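Below: one structure, written as structure tokens.
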Amino acid sequence: MGAVLGVFSLASWVPCLCSGASCLLCSCCPNSKNSTVTRLIYAFILLLSTVVSYIMQRKEMETYLKKIPGFCEGGFKIHEADINADKDCDVLVGYKAVYRISFAMAIFFFVFSLLMFKVKTSKDPRAAVHNGFWFFKIAALIGIMVGSFYIPGGYFSSVWFVVGMIGAALFILIQLVLLVDFAHSWNESWVNRMEEGNPRLWYAALLSFTSAFYILSIICVGLLYTYYTKPDGCTENKFFISINLILCVVASIISIHPKIQEHQPRSGLLQSSVITLYTMYLTWSAMSNEPDRSCNPNLMSFITRITAPTLAPGNSTAVVPTPTPPSKSGSLLDSDNFIGLFVFVLCLLYSSIRTSTNSQVDKLTLSGSDSVILGDTTTSGASDEEDGQPRRAVDNEKEGVQYSYSLFHLMLCLASLYIMMTLTSWYSPDAKFQSMTSKWPAVWVKISSSWVCLLLYVWTLVAPLVLTSRDFS
């Protein structure tokens, strides 16, 4: 009897799966806006695919992946001279699986990006596809994923590696835009509360977080100089750390310059501290991809070198373990990759709940839309509840969309490529197993992204001085 009731309970969700997001999540968040709920669902789909990609890297999945016809051919080859390769499969199948899943996700979101180009309101028939028909969209996505596993090897992995590296670099810049937006909104919110009442409390809170971020950045710089450089080597690392430290100091000084404060009073050191810490992370992440292991210690050797002086006997020499290559299933995630995924999740969730009406960065990128009126939609939602109708998420896009559907899907497409590169540690498909690490192009992509990030942040500060005809208040 319980099973029958369960079937009918699941069947009740079928109409919602074929309709809009307002129905799909109406019982969970009945007072939410349709634009927010839709983005959260897409974000959940992307996060779920990330989990699936990670599971595919586990050793337990290797047996099942080997059974796929032709899947053990081409890309991420293991040479006999490097390791006793499995005679049935000499390929890092875990990495190949991640490439296939990310390919399916990227294609799915790229097609939707093209399909949703120039959608202005929810009255557009294409908006119904964007906000609804979840059953068919999920089924199509699963179909693309399954089909991608049967793509012939050949040059697929090598070509997709280049595409993934470019897409991941672009998404790093998008993360910076979101972080700048978040920092501006955070600072503006707390400054407003400080002006409204209890200024000492909010001033202390701003000062505490700003100081904490700068202290963490200084500690990071010290650790990078100590463990990622050598007196007689690692010249590139010394250059990367030094130039980014100088650029962060310059950006912080610009943020509190009187001319900047005059045209943009909301700018301050809180935003600069967030960007500085993110830049230091990008610097560490870039150096963690260097091929030279002597200038790129892994996390375990990093910790050992810190604790060795206290753990080793006085008359002995502490032995630092040599880094070990990833397992053949490709299941190892480096520490910087975990942090990268954590930052990715935060930015993805923020991009799903933010609105264009309170975005500082949208004004700089000409992508904001402040003309959307929410009063009518809120009133209609309340009247539905009074009439006894089922409460659903409010359609707040009848007069104009709250965000660009096309750009949102393009961001998710780039995010899929970023996940692919992160889960595979930016490894090149043609790298030998005994030196399984990223090549210099991946290092330069990340470090260049950190420079562009800083330049982009400085632009958000000086834009009011340059574009005097625009309103940045």
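Placed from the backbone N, Cα and C atoms, the Cβ positions cover glycine too.
On a predicted model such as this, the values are computed, not experimentally measured, just so you know.
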Shared topological domain relative to the membrane, Lys120 and Val445, Swiss-Prot:
yes
Among Asn34, Asn187, which is the one flagged in Swiss-Prot as N-linked glycosylation site?
Asn34
Chain residues outside the topological domain 'Extracellular' (225-239) and at least six past its termini with a C-beta under 8 angstroms from it:
284, 287, 290, 292, 294-297, 302, 305, 443
According to DSSP, how is the topological domain 'Extracellular' (225-239) divided among helix, strand and coil residues?
8 helix, 2 strand, 5 coil
Should the transmembrane segment (240-260) and the transmembrane segment (160-180) be scored as in contact, given a threshold of at least 3 Cβ pairs under 8 Å and pairs 6 or more apart?
no
Residues of the parent chain within Cβ reach of the transmembrane segment (160-180), under 8 Å, 6 or more residues beyond its termini:
99, 102-103, 106, 271, 274-275, 278, 282, 343-344, 347, 350-351, 354, 360-361, 365, 411, 413-418, 420-422, 426, 428-429, 441-442, 445-446, 448-449, 452-453, 456-457, 460
Neighbouring C-beta atoms (10 Å sphere around the C-beta of Asn34 (N-linked glycosylation site)):
24
Taking every residue in the topological domain 'Extracellular' (468-473), what is their average pLDDT?
65
Within the topological domain 'Cytoplasmic' (118-132), how many residues are helix, strand or coil going by DSSP?
7 helix, 1 strand, 7 coil
